[in-house]
Amino acid sequence: MNQRAMITVSVRWKLLFLCLFLLNGCSSSTVDNYPDRPITIICPWSVGGATDRTSRQLGVYLEQELGVPVNVINATGGRGVTGHSRGLNARPDGYTLAIITGELNMLHWQNLTKLTHRDAVPIVSLVDGAAAVFVKTDSPFQNMQELQDYVKTHPGKLTATGTASGGIWHLALAGWLDFSELNAEDIKWIPMNGAGPSLQELASGGVDLVCCSLPEAKTLYESGQVRCLGVMAEEPLAEFPEVPTFISQDMNWSISGWNGLALPAGTPEPIVEKVSAVVNKITDGDVRLNGQSFPEAMREAGLSTRYRAGDEFSAFLKSNDETLGKLLTSDAFAKMSTRDTGPLVFPGMIAFAMCVILGCLAVQKKVHALAPEVTGDAVTRQGIINTILVLTGIVFYLLFAEELGFILTAGVVLFLLLWKFGTRLWVCALITVLFVPGIYTLFALLLRVPLPRGVLGW
Amino acid sequence: MESTFITALQNIVSPEVLLVIFLSAVYGLFVGSIPGLTATMAVALLIPLTFYLDNLSAIAAIVTLEACSIFAGDIPTTLVRIPGTPSSAAYTDDAYSLTRRGLHETSLGVSLVFSVAGGLFGALVLILAAPQLAKIAFEFTTYEYFWLYVLGLSCAAIVSTGSRLKGALALMIGLMFATVGLSEVHSVPRFTFGFDELFTGINFVPAMIGLFGLSEVFRNTLTSKTEEETEKLKSALPVEVDKSWFKHLKPVFGGVLPQLWKRKFSWFRSSCIGSTIGMIPGAGADIAAWISYAVSKKCSKTPEEYGKGSLDAVGDATSANNSALAGAWIPALVLGIPGDSVTAIVIGVLLMKNITPGPGIFENPDQLVLVHGIYLTFIIANLLLIPLGFLAIRSGAQLVRIPRRILMPLILMFCVVGSYSINGSYFDVWVMLGMGILGFILEVFAIPLGPVVLGIILGGQLEQSFVQNLSKDDSILSFFNRPISAALGIFCIALWLVPLIMPLLRKKWSTPA
């Protein structure tokens, strides 16, 4: 729930909740019978990508092992800020699991969030995808050395993409340039929102290079439309043994993007232990679904996994944070992140256009030409009261749904609105009794939307 | 080729697959007809279940669901003026005006028949042209995308009812909302006012629910005429409540088939536009509907009816949005690049099922069976839509008979749950509330709402491609340096300039004479 809105809930209401809570005997959220309701996994990246695939694959195995529905929610955008915030700031009751990715160790260095890996209880790391450099098949570059030589003699000529400016793959390429004693801006970085669109841009001739992980480019790579010049891994990848590493091309540079499962900081120890035990069983391959174990499924999807459990994952997070911090705060990178097209250029253009249009409308005196449909119906006093009731109803729902649960809150709102709009009391009651549990069954149980359950557990 | 097709046919007519198709059709019709639940959401919610299905059933379920929910979106659009899915937003005013005249069954009949016809056309395009046509879309770089977005947005502003200036203003409002959040191309959060939730920006689904749904609730509650409105609608509806379902076939289908025959060329044109737009990555059924609506208005003999209840508009736009669905599968299957948000999910499902989309999919016999299965499902789903869609129209028609004092609180409930469901976020409900108030105010000033929604949807991508183009080369001329981008760019500019210059030219020509 919105934190700010929560604060406004008065003490009196809090006492009421407390009473309800005590009446209910705290049955809904004890640690012992965890889990007794659906679990949500927050994935910070969009549907179809490597992180999403990992989340959903894991979700299915977790669902089988824990015996409750496991939903994946893609809270995308803000370069991962949104998803990480939602996952790690969730109520630490074990019903919200967070998928964390390399960006967690980057965003706070770039002052985009205060969130760090210390806000997470790491469970297990899952995917470890090393960065790789791709060119179109008809490109003259055959290996990294040729590319490096060309950039040295023609700085600023080549364009590359793979993710947003300052994203993990941008960092990987900039790091390599820095390692080759070149300037980070010697290859122009075109910001794109993900590997998919970047690869398409490469194939259509819009950019010269793409830097992303190998599995993300699997389709185009295997169909021979792009060539991989090298992968920034310490050893050749098991799934792609033919691709040379940077190290084998005499460039001692490796970096990878990773993802893993975590719980919000403050989750009770027994729940952490239970989740860890189940997840470790899944990553060990002891759980089979349709005759396939989780590691097998991941391997077939072309995702390179690296399972680090508990403390090992913590240690990795810490060292990864330091490495990325060093890179992000280095001069080479800081200089590069300034862009010519400022963030307010586009909104400025829109605002200017708006002013021009409003000016034209004012000149034409058309601003106040009311819609005939609206003017046709007169606003009445009862109408204003009804509208205020609707507004109050929504706000009431927003403030109390999390505490009271969907059925109670929605029931109260629906009943009062129907009644105030002039429906007979028994009709109101009938509709409320039919519809609210109906909507709940449909959405929460069948469509698996995580509707608020509240103190009563429904 | 022959044998894989027969295998696919054998696989698909098995009772299990047919049952899956039937259930997903019902689910699709249901989700689509509830305002605020989109086809994308329906498919996303289906993913956990696809794990338990075999490959063909999983894909068949998605295809059927998609086709049915896009049509079903027309039902609330027509009956209560709330688009069930974004793809119906283009012709909301037309469809609802028809309902006010008591022609809702005809309008929905046109929606259904043209949807099916458009869907079948899209399937045919998918079958015949998949590999060849995808190559064209594959030539698109950020320059072509930029012009494509400009084109889509211009169409929305130009075709909206009322003055072109107000359409443009609505568009700018939408674009402004699109700049909220952390843009993918800059590392600076804009207009977030310290809310972490705003980093993602304004999600267009709750925005749409608010603009169209909640503002409609406000319009109804603010005036005491709501009951009169219901009475008016009731009196406009056919008086006799006939228990025989067969007799109701006539108002729904009567005259629609002749209409389809009469408008076969415009249907063909709209369907072509639909499948072409569908194929272009990132542009889905909603943009297809807008563009074909605009073209339809331009080519129409009665453009003044558009926005005030034109059956031609409903038919053309709805053929386009349904044919776009199959079109979107072309780049998804051939290149592994999603054509729209549903096929983005499909690629994820395919990969989870260990099928890698790509040209290879047409060579591996096992996977070719699946591809043929997709073709067949598109045809079956569209044919199944005829009886099921009819039933949905019949039951949906009861919506207008419910008194508004009961309907409005229920719609409000669906608005709240629908905007929450897409991301499970309370913040989206606040967005919906804010947009509802905004939508109401804009309607008072007769500013169209459609362009606002499209601005929010496409604004981010427009800005991205704009910034990307500038970071490649900061000369404006570079926007025209590739043949396709030059053609698209000149077309867009002409679209805005011609109506401005025409009156001047006419004056010049007429004065000497």
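Backbone N, Cα and C atoms are what each Cβ position is placed from, and that goes for glycine too.
Since the structure is predicted, the reported quantities are computational estimates derived from the model, not experimental observations.
According to TrEMBL, the feature domain 'DUF112' maps to B:18-454. Positions annotated as transmembrane segment by TrEMBL: B:12-30, B:108-133, B:145-161, B:168-186, B:198-218, B:328-352, B:372-393, B:405-423, B:429-458, B:479-502.
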Winner by Cβ pairs under 8 Å against the transmembrane segment (B:198-218), considering only B:12-30, B:145-161, B:372-393, B:429-458, B:479-502: B:429-458
Stretch of maximal Cβ-Cβ contact with the transmembrane segment (B:372-393) [cut-off: under 8 Å; candidates B:12-30, B:108-133, B:145-161, B:328-352, B:405-423]: B:108-133
Within-chain partners of the transmembrane segment (B:108-133) [C-beta distance under 8 Å, separation at least 6 from its ends]: 67, 70-71, 74-75, 78, 95, 251-257, 259-260, 267-268, 270-272, 274-276, 278-279, 311, 314-316, 318-327, 329-330, 333-334, 359, 362, 374-375, 378-379, 381-383, 385-386, 389-390, 393, 396-397
Same-chain residue ranges lying at least 6 outside the transmembrane segment (B:479-502) that approach it to Cβ under 8 Å: 139-141, 143-144, 146-148, 150-151, 154-155, 158, 164, 469, 473
